[in-house]
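Enquirer: For 28-46, the entry in TrEMBL reads compositional bias 'Polar residues'. According to TrEMBL, the domain 'Tc1-like transposase DDE' annotation covers 233-297. Here TrEMBL flags 28-47 as region 'Disordered'.
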Amino acid sequence: MANNASYRAVAAHFGCSISTVGRNVKKYQQTGTTSSPKRQGHSPFNNPRVLSRIKRIAKQHRSATWQQLIVILRLADIHLGRTTIKKVVRDRLGLQRRKAISKPFLNRRARKLRLEYAIAHREDTVSDWRRTIYVDEAMVKVDGNGVVWVTRDKGEAYLEECMRAKMKGQIGGLMLFAGVWHGGRTELVLFDTSESAGKKKGVTAVIYRDQITMGPLKAAWNRVNNRWRGYGGARLLEDNVGIHKSPVNRLQVARQGFVYIDHPPYSPDLNPIENIWSLLKRRLAQLPRKPTNKDELFTMLQRLWGEIGQDRIDLRVDSMPRRLEAVRKARGFVTKY
């Protein structure tokens, strides 16, 4: 049609009313298009009140699965499918689904002891924590956490490379010992429990005394104590496991002249070596090839242990004043460490 055609001529050409032509011309002049805007409807993407309710409900049921959350929302008269609820929670509300961080349960007594410890060591300097040896044991399993994910196609479930070897008679994993301090560390020690007198053939106080206290722990003590002689000497920090506190081990400790500082129960965040254990296990999990037996596992762990940069250990040791401050601020509750 000609640009100067009348409304009547345009209406006759398209078979519509003159008023319809007028409305479309006005719409084009205002919006640059004759198309109708997309209807907003009742989508939760555009309703602040509904979004607020969804966020509140999602936080009230943090451990609910997507399907459980859908059911809970339906009870609140919010009807969304799985795909939509994921988009709303992630894109519009900015919430994320992640693995829950594992932290020890702290009752009132444990919180009280942690707070008292943090207050008692308020005046400890960075140098005090640098002359401290942090020791601990850790269990590392051959098959990690027991869950292995593989990428496979249909019909490949029973291919050798798509299966995880399960060794007959495997119980637990490797029980290891190590110690770290600012500027050094012990070797990774594998406990020999072949002659254990314990019911479960585990690490006993006698084994700990003979294989640790009189061996790598004594060597570490002498090394750090000589380094800090004249500046307070070395001191040891370990958790409250029974084998550490047993009379048979304490007698040997007294003979060696070790100086211990108390450690509150359920406080892995106040022992930097716990972070190093976590780092070691993460690096093991990231290996492209997994160990198939305990000997191979220990060999891999020794290599990974030696590859951990000393700067990573030193940074965590130097964070002790901040860790204690975090416990004081949290009034004994768990911290990010």
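Glycine is treated like the rest: Cβ placed from N, Cα and C.
Heads up, TrEMBL stuff is auto-annotated, nobody curated it.
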Enquirer: Mind checking how the domain 'Tc1-like transposase DDE' (233-297) divides into helix, strand and coil residues in DSSP?
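Expert: Counting residues per DSSP class in the domain 'Tc1-like transposase DDE' (233-297), I get 34 helix, 4 strand, 27 coil.
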Enquirer: Pop the mean pLDDT for the domain 'Tc1-like transposase DDE' (233-297) in here, whole number is fine.
Expert: 90
